[in-house]
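These features come from Swiss-Prot:
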type: ACT_SITE; residues: Glu100; note: active site, proton acceptor
type: ACT_SITE; residues: Cys345; note: active site, S-methylcysteine intermediate
type: BINDING; residues: Cys120, Cys124, Cys127; note: [4Fe-4S] cluster binding site
type: BINDING; residues: Gly167, Glu168, Ser197, Ser226, Leu227, His228, Asn302; note: S-adenosyl-L-methionine binding site
type: DISULFID; residues: Cys113-Cys345; note: disulfide bond
type: DOMAIN; residues: 106-340; note: domain 'Radical SAM core'
Amino acid sequence: MSSTHLPGGNQALLGCSATELEGWAVAEGQPAFRGRQLHEWLYAKGARSFEAITVLPKSWRLSLQQRGITIGRLLEVNRAVAVDDTTKLLLATVDGETIESVGIPTQQRLTVCLSSQVGCPMACRFCASGKGGLQRSLATHEIVDQVLSLREAMDRRPSHVVFMGMGEPLLNIEAVLAAIRCLNIDLGIAQRRITVSTVGVPHTLPHLAELAMKRLGRAQFTLAVSLHAPNQELRERLIPTACAYPFETLLQDCRHYLAVTGRRVTFEYILLGALNDQPQHAEELADRVRGFQSHVNLIAYNPIDDEGFQRPNPETIEAFRRVLEQRGVAVSLRASRGLDQNAACGQLRRQHAATG
């Protein structure tokens, strides 16, 4: 069985498929239908412990616990709910680390924003997640749990998933792809409703489409690439790791992903007051991304207390959007959610660490 492992060698079942659980149950000396029962309790009912799965023989449940086998659920240590019902969870792992997950509701959908690592090594200057560096990557069950925890907290089934929380997904790509498989097959979330965001990892992005097809059978999730600048020089000022990934090479790799998958690429662009938000920046960005199927998603900067960046005023944001639109670039402006509850990536975790 291709299972995930908790720190210390304990085994977590969350992330395993129905077929894997059936095979594992048989190997445990149980009938195959016990695996199907486990699957239902893991994913449909969201069980947090073997004690809750009363359909399983008590002797087997006790044996699993004694051998250190777990469901793999995380512990909620903090919850913040904004006036618009955006919900941020701070979840604790078994080794005492904390990660953030956000549920963003609208009338029609519930989008959940997931973390892929504890902290982040990319050190983007405007992002709270990278301030403390990287502690470790998350296991598959720790990624999947975030969806279950938000479903439980918000009493609503998630419809869309974005890997835009803590961490760089492409630096934990095997666990991320395994989680996508689980979310798709075991939780019924279509790949087309899943987005993987990256600032660009030169040894992984060029082969992402092929790797996804090998692991998932197809590559239908959306790739979102965080540009945040219209040229290499400014991008390196904002994203230190960009020095290893030339702008044109990054765009070529995005074109390759489009060619292989047929899925348009989304370009994320965070607007920083008086730094990358002027009309000339919009014109240069339009020249860069025009010519292949893509979409630009503008994001107004969410202030971090100890940084000197500013959030642009609404008029500047609209002027930037209008320049792109006039030049034939598909563009949208992401609405900021949860500003009153530190729901920007990494902020609640930093606040918890400072007070706790």
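Glycine residues also receive a Cβ, built from the backbone N, Cα and C atoms like all the rest.
Positions of the features from Swiss-Prot, shown on the structure.
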residue	record	DSSP (3 states)
Glu100	active site, proton acceptor	strand
Cys113	disulfide bond	strand
Cys120	[4Fe-4S] cluster binding site	coil
Gly167	S-adenosyl-L-methionine binding site	coil
Ser197	S-adenosyl-L-methionine binding site	strand
Ser226	S-adenosyl-L-methionine binding site	strand
Cα-nearest neighbour of Glu168 (S-adenosyl-L-methionine binding site) within the listed recorded positions, Glu100, Cys113, Cys120, Cys124, Cys127: Cys120
Pairwise CA distance, His228 (S-adenosyl-L-methionine binding site) versus Glu100 (active site, proton acceptor), rounded so that it is a whole Å: 23
Candidate recorded positions Glu100, Cys120, Cys127, Gly167, Asn302, pick with smallest Cα gap to Cys113 (disulfide bond): Glu100
Coarse DSSP state, helix versus strand versus coil, of Asn302 (S-adenosyl-L-methionine binding site): coil
Cys127 ([4Fe-4S] cluster binding site): nearby recorded positions from Glu100, Ser197, Ser226, Leu227, Asn302, Cα cut-off 10 Å: Asn302
Candidate recorded positions Glu100, Cys120, Cys124, pick with smallest Cα gap to Gly167 (S-adenosyl-L-methionine binding site): Cys120
Rounded distance in angstrom between the Cα atoms of Ser226 (S-adenosyl-L-methionine binding site) and Cys124 ([4Fe-4S] cluster binding site): 11
Cβ neighbour count within 10 Å of Ser226 (S-adenosyl-L-methionine binding site): 25
